[in-house]
Amino acid sequence: MKAAIIVFPGTNRERDMAIALERVTGRKPAMLWHRDTALPQGLDLVVLPGGFSYGDYLRCGAMAAQSPLMAEVKGFAARGGHVLGVCNGFQMLCEAGLLPGALLKNASLRFLAMDCTMKVERADTAYTRGYQQGQEFRATMAHGDGNYFCDDETLARLEGERLVSLRYTGENRNGSINSIAGILSPNLRVMGMMPHPENCVDPLVGGEDGLPMFQGLADSFLTAA
Ligand SMILES: NC(=O)CC[C@H](N)C(=O)O
């Protein structure tokens, strides 16, 4: 699998993401700076990692969504490329219009840094094939704006077309509509999720519940190893 991680000013999870990807592929992903103007040839996956791009000024992910390389990411997605956005990356995907809806402030108006559990709503995507349908897994949440919201029509479409990939179980701490933790584009190639699977790939630090996501991605792109 050939993967690239895009780094923005204020991104802070890019190294965790690189470790998670390298763990399953044995090769380091390309680290790209947001001012770059081209994606490497033959990419399988682009990752928009978590953090505080541009200090969360204006709105989380809003300024990153205007970065030069994001125009390339949009083109990559339009050609059917896989794009994963985690936390701030999910916020960027919504701000860039690659996924519908928005991430509002957590219902409590407090930053939440804690473990959470999610249920896999569909296991037939590159991101979730490492899990069983309905499987519950744990990951870390660390966000101030993780309260997923969209209008009724969009929500009906997301649910009706089964584009909700991950749903919180237990307490809905950030207030997300329908307890949504992750959503997919209609072609199932773009996924945004708030919790951090990249922080759960090592039994010594946070457990390994996130590993199947990366393993599933690696298995999806075996030919490109
Ligand atoms: N860990 C993250 O990516 C956080 C995203 C964003 N800065 C927020 O607080 O909501």
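Cβ from N, Cα, C; glycine included.
DSSP classifies Cys87 (active site, nucleophile) as coil under the three-state reduction. Look at TrEMBL and you will find Cys87 tagged as active site, nucleophile.
With a cut-off of 8 Å between CB atoms and residues at least 6 apart in sequence, the same chain places Arg13, Asp16, Gly50, Val86, Cys87, Ala139, Thr140, Met141, Ala142, Gly210 near His196 (active site), listed in sequence order. Summarising the annotation, TrEMBL assigns active site to His196 (among others).
What TrEMBL lists as active site is Glu198 (among others). Every protein chain shown contributes to the tally, and the Cβ of Glu198 (active site) ends up with 30 other Cβ atoms within 10 Å.
Contact annotation for active-site residues (Cys87, His196, Glu198) versus ligand 1: Cys87, each with CB under 6 Å from a ligand atom.
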